[in-house]
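Swiss-Prot lists 170, 171, 172, 173, 174, 175, 176, 177 with the feature ATP binding site, giving sequence analysis as the kind of evidence. Under the heading site 'Required for activity', Swiss-Prot lists 363.
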């Protein structure tokens, strides 16, 4: 037997050492020191990032919210019923991500982007961080394309443009959600993906919204994210950020999206709850000092991008609930100052039968005017002023009975215009039909129609136009303006219809 040479042995050993791979998992692990109300205090995770996802040995997950000198405050996603003192916590070295893209469209998800509609898993390789930097000034373009809601009072008086943030504000039970759902239903065929984020709502209310969207075929281009009242404060806090991450995907891929946050008052309350448990110092109304920032960084992500970035857009309709009409409370004033205008809904108007209950005097769109089509501008140019004068006259007539002819005429016209702006829920109207009926009211075609019959007049006018003069609607739709010929034809059509219309 030949003896092995010493060099050969050493070279074999050397080779083995070189090729040796240590196959083991490195994990940074900490321990729970205390756990209460959905917040865990964890010791031993020194290198953790802000808002990094952490895994508990119980299977629960959470995010690092407070980075203190000797411990980390972790917001737990669920209720963490099995977490107790001594539970191990592991770093994932990942920030919070949610699935994005066309795979999420038509689905109902929770705040973590997990499906809750029983239609199986979401099959996608595309994920996005829920916290992203908003586009800078140079990446944006001013709002100039209309986003029509199908609601006459909004499209005529407080128009919304793609990339705008328009607040819907009012007391509870004034129709705020209905306005938002109408806007979603009206996006059918407009190539706009809609995202509805329900924060702290009843499960039954959200189920009703989903049912309505399915009924009107809007679920085909919509995503519903639900963090209901029965979910933890952490889930309610994260839901809008998950929603906006999904919307941003379409915005950044040269497409258009609309996101509804229903509602940000409950979002602020959830954040207050988390902050107080994390022992952050409370400020006004016990909200933490950065409550303005949580909403500003959320709403700034809605934008109209410049042509170099693909000209996509993300439009936001945040909803805020007021208490007894008090718009000067902390959260309402914060969000009014962040957004580009507000639609103010009033209880008194709602109960007097004016629905949608939009207070035209307090509602405003700061940038939407540039996005309004010319035809709407032409017919509703003086509408806001006319309605304001009508309200003034109406108040005056309560203690003065004798009015001159001009004032009487103005009062009569005002009453009819209020009727024209009434609209049933879930029945958005195409812009060309809005132009026709507002034109009819503004130019006096309804003066001889009794106030109670104005709604009926409109209901009969649209089928008449579709059957006999579809070209009028078609021309308004394509030209987006009323020229002399089109206006003359519209007058002729309205006069003809008035002859056939019987009350």
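Here the Cβ of each residue, glycine as well, is placed from N, Cα and C on the backbone.
Sequence features, as recorded in Swiss-Prot, placed on the structure.
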{"residue": "170", "record": "ATP binding site", "DSSP class": "strand"}
{"residue": "175", "record": "ATP binding site", "DSSP class": "coil"}
{"residue": "363", "record": "site 'Required for activity'", "DSSP class": "coil"}
Measuring Cα to Cα, tell me the gap between residue 172 (ATP binding site) and residue 363 (site 'Required for activity') in whole angstrom. 17
By a simple count, how many Cβ atoms lie within 10 Å of the Cβ of residue 177 (ATP binding site), its own Cβ left out? 21
Other than 170, 171, 172, 173, 174, 175, 176, 177, which residues of the same chain sit close to ATP? List them in sequence order, counting a residue when its Cβ is within 8 Å of the Cβ centroid of the site. 321, 345, 347, 350, 357
Position of peak Cβ density within 10 Å, selected from the recorded positions 173, 174, 363: 174
Report, in whole Å, the straight Cα-to-Cα distance of residue 363 (site 'Required for activity') from residue 173 (ATP binding site). 18
Between residue 176 (ATP binding site) and residue 363 (site 'Required for activity'), the C-alpha gap once rounded to whole angstrom: 13
Would you mind listing, in sequence order, the residues at least six apart from residue 175 (ATP binding site) in the same chain with a Cβ closer than 8 Å to its Cβ? 345, 350, 355, 356, 357, 425
Fewest neighbouring Cβ atoms within 10 Å: which of the binding-site residues 172, 176? 172
Sparsest-packed among the binding-site residues, when each Cβ's other Cβ atoms within 10 Å are tallied, from 170, 171: 171
Counting distance between Cα atoms, which of the binding-site residues 170, 171, 174, 177 is nearest residue 363 (site 'Required for activity')? 170
